[in-house]
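Some notes on the structure that comes next.
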Amino acid sequence: MTTEKFPGNTQERKLDVRWFTEGEFLWRSGASVAWLILFLPFLLLVYYAIASFDPLHPITWLTGFVSIAFETQFLIAVTFFSVITGFLAVCKGKLNSVQGVIHYSRVTSLLYLLHPARLFHTLVDVPCGMFCVWITTWLLMEPFNSLTTPISDSEDECYLNEPAVFLVTFGGWLGFYASLMAFLYNEFHYKFPKIQQRKFFLVKAAVWPCVYKSIALTFRATRWYYFLYWLAGNFPRYWLGNFLVASVNESEVPLNTISGLMNFRLLWLVLSTGMLLTFVWSMRNMLFVIFNTQRYIFPIESAVLAEKSQCLTAVLKDTSSPLLRHLAFLDLCQLSKFSSLRRKQLFSLSQPGGRPTNWTSISEECLEMLSTLTSDITDHVEYQMQVQQFTTEQRSFVGTPGKITKEEGRSVHSPVMHKEMNGNSTTRENIERKKREKVDKWRVQMIPHYIANFLKQRPIVEILFKELPDYRSKTLFANCQLHIWAVEGLSRLVVASFKEDTFGVVQKALDQCAKFSSATAAGAKTTIQPRPPRPQGPEGNRHLLRLAVTSALYRITNTFRDHLYGIPMTQDHRDRLQSFLDCKE
């Protein structure tokens with residue numbers, strides 16, 4: 001498959017985007033945190049209603065959790081819980097990215113989790129989870145509202161309240177487990193909605209997935225916590241007793257036994273508290289993503305020099321802020337569909353000079369992205385063919401060893417060769433003796449390299465360092481969301497220009513749009529196989545890319561039809577466009 005390079009500037013272009021990072025982004029992030037904090041009192045009331053549920057005394061249960069809302073302790077608990085939640089939201093907000101994490105091997109995925117920054121965030125979640133559980137259980141009835149219980153005979157000594165300590169340590173474990181799962185499954189990722197809606201409808205649609213996720217995560221964390229607490233034996237009891245300066249009551253049934261863990265009341269509190277924390281943390285990430293992936297309308301052009309960096313034509317080429325660039329391509333896709341007034345601004349001539357600078361800048365950026373993607377797809381296909389060819393040759397090379405003929409045996413053991421070998425044996429031994437006496441530095445330095453190669457040859461170690469399947473294809477289509485918006489936006493602008501372009505600025509680039517779109521469609525057809533089920537998650541973007549390119553070509557061919565025959569292009573591109581005209585794709 002031949003590819004054409006678009007003659008554009010491929011260097012990285014960076015603008016001053018402080019107007020976004022220190023302005024719009026902070027406002028959106030702050031709004032998501034504020035709405036989450038405003039939602040916390042209602043969540044805490046629901047939690048107290050579930051935690052104190054008593055089917056045998058319904059009236060007492062109703063009056064109990066309703067009266068909690070008017071107590072001073074409830075306001076204090078809400079305040080502390082809001083402070084911790086806001087602190088975690090600010091810390092976790094810096095981890096979100098539009099670019100997904102793709103691991104080369106199992107070792108790199110492990111090293112990714114062991115990165116100091118991620119370890120720090122994971123360790124911060126441990127005390128925050130413990131404080132959140134301690135604050136929420138503060139208003140519950142005994143024996144869960146205090147970490148210690150006083151001894152009736154002594155005023156200075158107290159017993160360790162193991163059920164309350166069990167809940168608090170579960171909060172620390174839940175913070176560690178939830179943070180680990182978030183890094184493992186790449187949850188700190190901006191997922192743009194397929195359909196742009198108002199924030200209310202997006203939040204409404206995401207509430208039930210957050211509930212289901214919190215329930216599943218809580219059950220998995222509880223399963224491991226109970227097993228680890230039983231496996232730890234008496235160590236948590238005595239260590240926490242020494243830390244809290246409290247003695248252990250030997251007359252009570254310890255919780256590190258099977259009979260102690262068979263406490264339904266304690267299990268109910270563990271599950272309800274865990275679902276509260278995980279739901280709040282899931283809502284935090286969900287609100288942060290929803291607010292920061294909302295459409296931002298960029299100006300097409302500006303007469304003020306200081307606002308040039310905020311225009312759509314400039315932001316599309318910026319590489320310093322990936323989120324801002326994604327928002328720019330999203331705005332381009334939206335205006336190509338719904339805004340005829342802004343499309344006219346793109347098709348108009350800029351003054352002074354009377355040149356179509358807006359359309360030229362946008363079309364060059366989109367075509368350059370398609371050209372780069374097409375060349376990368378070509379390189380990927382060639383690499384896969386070389387790997388398959390090498391594997392086939394390697395399998396055919398493995399066979400039965402050939403027999404040595406008598407002539408070959410005589411040539412090896414000929415008298416002349418035997419005489420020369422005996423004559424040079426003394427000289428060779430002297431040279432080898434000198435080499436043994438002299439150890440070079442580079443051999444010593446290469447010892448770690450030899451050890452690494454030796455370990456890589458072991459089967460278990462080889463599995464850890466081996467390249468994961470589909471790593472190269474995942475890397476190739478890591479940012480295909482930008483290409484989807486670029487293809488859709490460019491094709492819709494080309495189609496709209498058939499009636500709205502009064503100056504004919506788009507028709508000059510129609511041949512390039514058709515050529516690069518057809519080349520991208522051919523590359524996507526060879527690399528991305530069609531799949532009947534609906535693709536989900538990041539893996540589904542590559543299938544959406546193929547669908548977007550195919551739809552774009554159908555959109556262009558159905559609009560221009562016979563006019564495409566007058567465009568100069570190669571025979572391959574012409575045949576490919578003809579198949580779309582005949583509806584054979």
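Just so it is clear, glycine is given a Cβ too, placed from its N, Cα and C backbone atoms.
Just so you know, TrEMBL annotations are computer predictions that nobody has curated.
Features of the protein shown, as given by TrEMBL:
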- 522-541: region 'Disordered' (REGION)
- 25-50: transmembrane segment (TRANSMEM)
- 62-90: transmembrane segment (TRANSMEM)
- 119-141: transmembrane segment (TRANSMEM)
- 164-188: transmembrane segment (TRANSMEM)
- 200-219: transmembrane segment (TRANSMEM)
- 225-245: transmembrane segment (TRANSMEM)
- 266-291: transmembrane segment (TRANSMEM)
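For the transmembrane segment (200-219), the list of distant contacts is 174, 177-178, 181, 193, 271, 274-275, 278-279, 282-283, 286-287, 290: same-chain residues at least six beyond its ends, Cβ to Cβ under 8 Å.
Using a Cβ-Cβ cut-off under 8 Å and counting only residues 6 or more beyond its ends in the same chain, the transmembrane segment (119-141) has close neighbours at 44, 47-48, 51-52, 68, 71, 73-74, 77, 80-81, 84-85, 87-88, 91-92, 95, 113, 147, 164, 167-176, 178-180, 183, 269, 273, 276-277. Listed by sequence, the residues of this chain that lie at least six past the ends of the transmembrane segment (164-188) yet keep a Cβ under 8 A from its Cβ atoms are 92, 95-97, 100-101, 112-113, 118, 121-123, 125-134, 137, 143-147, 217-218, 220-222, 224-225, 228-229, 236, 240, 244, 255, 266, 269-270, 273-274, 277-278, 281, 285. Within the chain carrying the transmembrane segment (25-50), a Cβ under 8 angstroms from the stretch's Cβ atoms is held by residues 61, 65, 68-69, 74, 77-78, 81-82, 85-86, 89-90, 93, 136, 139-140, 272-273, 276, 279-280, 283-284, 287-288, 290-292, 294, 323, all 6 or more beyond its ends. Non-local neighbours of the transmembrane segment (62-90) in the same chain are 32-33, 36-37, 40-41, 44-45, 48-49, 52, 124-125, 128, 131-132, 135-136, 138-139, 280-281, 284, 288; each lies 6+ residues outside the stretch with a CB under 8 Å from one of its CB atoms.
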